[in-house]
Amino acid sequence: MTIHNHTLGFPRVGLRRELKKAQESYWAGKSTREELLAVGRELRARHWEQQKAAGIDLLPVGDFAWYDHVLTTSLLLGNVPARHQNADGTVDIDTLFRIGRGRAPTGEPAAAAEMTKWFNTNYHYMVPEFTKGQQFSLTWTQLLDEVDEALALGHHVKPVLLGPVTYLWLGKVKGEQFDRLSLLNDILPVYQQVIAELAKRGIQWVQIDEPALVLELPQAWLDAFKPAYEALKGQTKLLLTTYFEGVSDNLDTITALPVQGLHVDLVHGHDDVNELHRRLPQEWLLSAGVINGRNVWRADLTEKYAQLKAIAGQRELWVGSSCSLLHSPIDLSVETRLDAEVKSWFAFALQKCEELALLRDALNSGDTTKIEQWSAPIQARKHSARVHNPAVEQRLKAITPQDSQRAHAYPVRAEAQRARFNLPAWPTTTIGSFPQTTEIRGLRLDFKKGNLDAANYRTGIAEHIKQAIAEQERLGLDVLVHGEAERNDMVEYFGEHLDGFVFTQNGWVQSYGSRCVKPPVVIGDISRPAPITVEWAKYAQSLTDKPVKGMLTGPVTILCWSFPREDVSRETIAKQIALALRDEVADLEAAGIGIIQIDEPALREGLPLKRSDWDAYLAWGVEAFRLNAAVAKDDTQIHTHMCYCEFNDIMDSIAALDADVITIETSRSDMELLESFEEFEYPNEIGPGVYDIHSPNVPDVAWIEALLKKAAQRIPQERLWVNPDCGLKTRGWPETRAALANMVKAAQNLRQA
């Protein structure tokens with residue numbers, strides 16, 4: 001039996017982020033819809049051709065999305081919230097953009113759909129909305145049109161469809177509550193219609209993605225798969241596709257389904273391929289996801305070959321990416337600034353396609369010469385001085401439990417901090433960043449390009465910090481920040497100043513819609529060669545008698561928003577970062593900075609997909625934070641900031657961080673989030689966000705006062721702070737001034753009440 005290869009999907013944005021530029025041009029009214037559609041066609045044609053040229057047998061179609069593939073599925077099913085519908089009932093690309101962004105070149109603006117993380121990745125999807133008695137119909141033929149496009153170009157294709165059970169799992173009920181799983185029989189006819197249309201086009205295999213099968217699902221949801229796939233069987237072969245974790249726990253459910261193949265993620269799961277071979281029906285195809293679709297590392301193909309060799313020829317076998325290559329940058333060959341050694345360790349999406357071709361050929365021929373050559377740099381990396389720093393490894397081994405304990409418990413620290421800072425009731429502060437103006441961005445860009453020397457750059461940054469301090473003093477804030485003018489991104493900035501990280505020029509991956517991120521890559525042991533934030537914090541503090549917060553990004557967030565190493569555990573990386581930043585805390589303290597904020601917005605999103613794995617993750621995540629912070633003296637106040645919509649299930653861990661003050665995002669939930677802290681009897685201080693910084697709207701004083709009074713019903717007033725929801729870097733100065741003035745006024749009114 002000949003072994004074939006395939007990918008589960010390919011990056012959409014284009015090597016030079018062409019899709020992003022076309023989207024934003026269209027949204028701004030600078031280009032036409034036809035011009036936007038033409039860019040999409042050009043990108044799809046190029047990406048199919050590139051994958052084919054790299055040696056991919058079966059090309060994915062339907063992985064392209066104008067905003068998000070879950071949103072594409074919503075349109076396919078005719079699931080358009082009433083507020084986003086066209087007056088004439090039709091669906092077009094602007095309908096899609098209104099759901100994603102709240103506005104489009106045509107139609108009335110309306111609140112965008114909710115956006116949340118796609119499983120445990122850094123990609124975000126638009127949450128489907130379900131209402132009782134909802135009707136579904138095939139209204140958006142993008143998948144069929146793109147299949148026709150690919151077939152016309154002569155490609156051998158495999159359409160990609162998000163499966164019905166996972167689609168319902170990912171959504172939320174709006175309005176009257178009901179069980180959204182009850183909609184399964186209503187959406188299945190649309191799926192049947194789509195699969196019938198694909199069969200008419202001569203399609204043999206359809207990749208139907210059901211990543212929910214890697215979760216610890218309630219029994220009712222597991223039971224739903226059998227009737228769903230009974231309804232879909234028969235017209236084409238179905239490749240049931242899972243990723244991001246293993247499927248062993250749900251294998252009994254899976255093997256009872258009337259499908260013809262199963263794709264498993266053999267990178268992130270712990271499934272044994274020989275056990276899968278033994279338990280799957282013999283006539284099924286097994287697609288082995290052995291090439292990591294969500295990292296940048298070259299694969300050890302000799303290891304992958306050994307993993308699969310025993311079952312090659314025993315059943316129909318494909319080799320594939322672990323998940324869609326959406327989560328990987330496109331092409332390593334355009335990275336001209338990486339040195340040859342480091343570059344030899346990497347593989348981006350196109351190189352991962354080449355890996356799949358090399359692995360397929362070796363398994364078919366038995367000749368391992370080429371895969372041995374490919375894997376040689378991986379062996380060399382194991383001994384590279386770029387990777388291993390004996391001093392870091394030694395320091396990690398020397399950690400004791402005492403290293404993650406503050407000198408005294410919170411009540412003792414709180415007394416020392418009150419004596420030091422003497423803050424008023426309802427103390428006001430911000431989360432850290434101030435508007436990143438075109439002047440600030442231009443200053444950083446000129447310096448990066450070499451058009452501005454270091455002295456003039458520093459003078460410029462100092463001036464922006466001075467302005468930020470002056471603005472805050474005018475507004476009457478109690479605890480100030482320096483505004484972060486020198487920082488492009490809260491993770492990238494620290495990565496640039498820590499040994500063990502490298503940066504790419506074009507390593508962009510899609511985060512959501514037109515937003516792309518360029519994550520740093522952890523290539524080796526992490527250490528801090530010199531202080532990072534001390535100089536600017538010290539300068540800002542010299543400009544005022546009020547306390548200025550030192551601002552750090554926490555170890556778990558830096559880990560989660562980077563491409564991590566694969567040769568050590570995530571726990572090891574987090575603790576290395578924590579030790580490096582521990583030294584930063586000590587240096588800030590020595591420089592006279594008395595309040596230090598360590599942001600951990602990613603602590604919750606780093607949770608493993610299986611709940612049974614949560615405790616182990618949270619244990620080391622909390623320890624990393626404490627290791628970072630515990631060097632601080634009693635009268636140094638440690639803050640942390642988190643932006644989650646759910647705290648209930650991790651409250652123990654939030655409390656275990658033992659931060660003196662936690663600031664959280666609560667304005668959009670009308671302070672409901674504080675219920676978790678009240679029920680838990682959270683012992684330390686809390687700053688519930690009093691206005692939503694994601695909106696340009698300026699909250700009025702009475703509204704903020706009402707929110708704070710509501711907060712004081714749940715949390716003792718002496719432990720409450722007053723602050724916005726999040727950092728202000730994306731806002732303009734006019735609305736920032738107005739909103740903060742109202743926030744300060746509300747706090748002053750409550751002090752006098």
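For all residues, glycine too, the Cβ spot is worked out from N, Cα and C.
Database features, via Swiss-Prot:
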BINDING   Arg17, Glu18, Leu19, Lys20, Lys117, Arg515, Cys516, Trp561, Glu605  5-methyltetrahydropteroyltri-L-glutamate binding site
BINDING   Ile431, Gly432, Ser433, Glu484, Asp599  L-homocysteine binding site
BINDING   Ile431, Gly432, Ser433, Glu484, Asp599  L-methionine binding site
BINDING   His641, Cys643, Glu665, Cys726  Zn(2+) binding site
ACT_SITE  His694  active site, proton donor
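The binding-site residues close to Ser433 (L-homocysteine binding site), defined as a CA atom within 10 A of its CA, are Cys726 out of Cys516, His641, Cys643, Glu665, Cys726. Leu19 (5-methyltetrahydropteroyltri-L-glutamate binding site) falls within a helix when secondary structure is assigned with DSSP.
The most densely surrounded of the binding-site residues Asp599, Glu605 is Asp599 (count of other Cβ atoms within 10 A of its Cβ). When secondary structure is read from DSSP and collapsed to three states, Lys117 (5-methyltetrahydropteroyltri-L-glutamate binding site) falls in the strand class.
Of all the recorded positions listed here (Ile431, His641, His694), His641 has the Cα closest to the Cα of Glu605 (5-methyltetrahydropteroyltri-L-glutamate binding site). A straight line from the CA of Ile431 (L-homocysteine binding site) to the CA of Cys726 (Zn(2+) binding site) spans 6 Å.
Rounded to a whole value, the Cα-Cα separation of His694 (active site, proton donor) and Glu665 (Zn(2+) binding site) is 11 Å.
Long-range Cβ contacts of Cys516 (5-methyltetrahydropteroyltri-L-glutamate binding site) within its own chain (separation 6+, distance under 8 Å): Val13, Arg17, Lys20, Trp508, Val509, Gln510. With every protein chain in view, the residue among the binding-site residues Arg17, Lys117, His641 whose Cβ has the most Cβ partners within 10 Å turns out to be His641. The binding-site residues near Asp599 (L-homocysteine binding site), taking a 10 angstroms Cα-Cα threshold over the set Leu19, Lys117, His641, Glu665, are His641. Ranked by Cα separation from Cys726 (Zn(2+) binding site), the binding-site residues Leu19, Lys117, Gly432, Glu484 are led by Gly432. Excluding Ile431, Gly432, Ser433, Glu484, Asp599, which define the L-methionine site, the same chain contributes Thr430, Val481, Met490, Met551, Gln597, His641, Gly727, Lys729 within 8 Å (Cβ to the Cβ centroid), listed in sequence order. Comparing Leu19 (5-methyltetrahydropteroyltri-L-glutamate binding site) with His641 (Zn(2+) binding site), their Cα atoms are 33 Å apart once rounded.
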